[in-house]
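See structure below.
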Amino acid sequence: MDNTENFDQIWSILKNEYPDPQPELDYTNEFELLIATILSAQCTDAQVNRVTAELFSKYPDAGSLAAADINDLEKEIYSTGFYRAKSKNIKRSSQLIISDFEGKVPDSMEDLTSLPGVARKTANIVLARGFGKVEGIAVDTHVKRVSGKLGLTENTDPKKIEQDLMKLGDQAEWDDLSMTLILHGRRVCDAKKPKCGICVVADLCPSRIE
């Protein structure tokens, strides 16, 4: 279902539909963005925002989260799912930021992915939105689904999907491409009930439902 020949047209239409794609996570600095993105795994951004509003008031920086009681942290983030793993990763990442990176979120792919719970998806988001460095394409469940349905990739592994998409789009637009596919996945290309009738790229989509 290779549809990459239509990428330029698909991307042009989607850019017009989503002219200023922005993350839907609430954050005020790179550290909050990192923590919120870790919490967003298998959780909606809306729920993460509800949790971080309280979390960041209690633990406003890496130092406070590094020193947080793990049981208290688990209670704070319980509703985001996978709370034991997430709390452990958040606490340990905060400790490493203090001990290894002078209290600042690192700004390289290598250093970011050395932190527990931080894979390329999270690192790409933090680099692009926190530091203005576009080095890759964040592939979450929406990007995976929408790019697959559009025939822009035949892979299912996030790293391979990222490589496929990077070959299609200009590097300067990689972050916008990711955010646009995420928004389109949330608002139109639903996993269970895709709204093909209102999809602006339905005519170019090999997976459209008549």
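Glycine too: its Cβ is placed from the backbone N, Cα and C atoms.
TrEMBL lists 39-187 with the feature domain 'HhH-GPD'.
Residues near Cys205 ([4Fe-4S] cluster binding site) in space but far in sequence (CB under 8 A, at least 6 apart, same chain), listed by position: Asn3, Lys149, Leu150, Gly151, Cys196, Cys199. Cys205 ([4Fe-4S] cluster binding site) carries neither a helix nor a strand DSSP state and counts as coil. The [4Fe-4S] cluster binding site annotation in TrEMBL covers Cys189, Cys196, Cys199, Cys205.
Same-chain residues at least 6 positions away in sequence with a Cβ under 8 Å from that of Cys189 ([4Fe-4S] cluster binding site) are, in sequence order, His142, Arg145, Val146, Lys149, Lys195, Cys199. According to DSSP, Cys196 ([4Fe-4S] cluster binding site) sits within a helical segment. Other than the site residues Cys189, Cys196, Cys199, Cys205, same-chain residues with C-beta atoms no more than 8 angstroms from the centre of those residues' C-beta atoms, the [4Fe-4S] cluster site, are Lys149, Val188, Pro194, Lys195, Val201, Ala202, Ser207, Arg208, Ile209. For the domain 'HhH-GPD' (39-187), the predicted model reports an average pLDDT of 98. Counting residues per DSSP class in helix, strand and coil order gives 102 helix, 0 strand, 47 coil for the domain 'HhH-GPD' (39-187).
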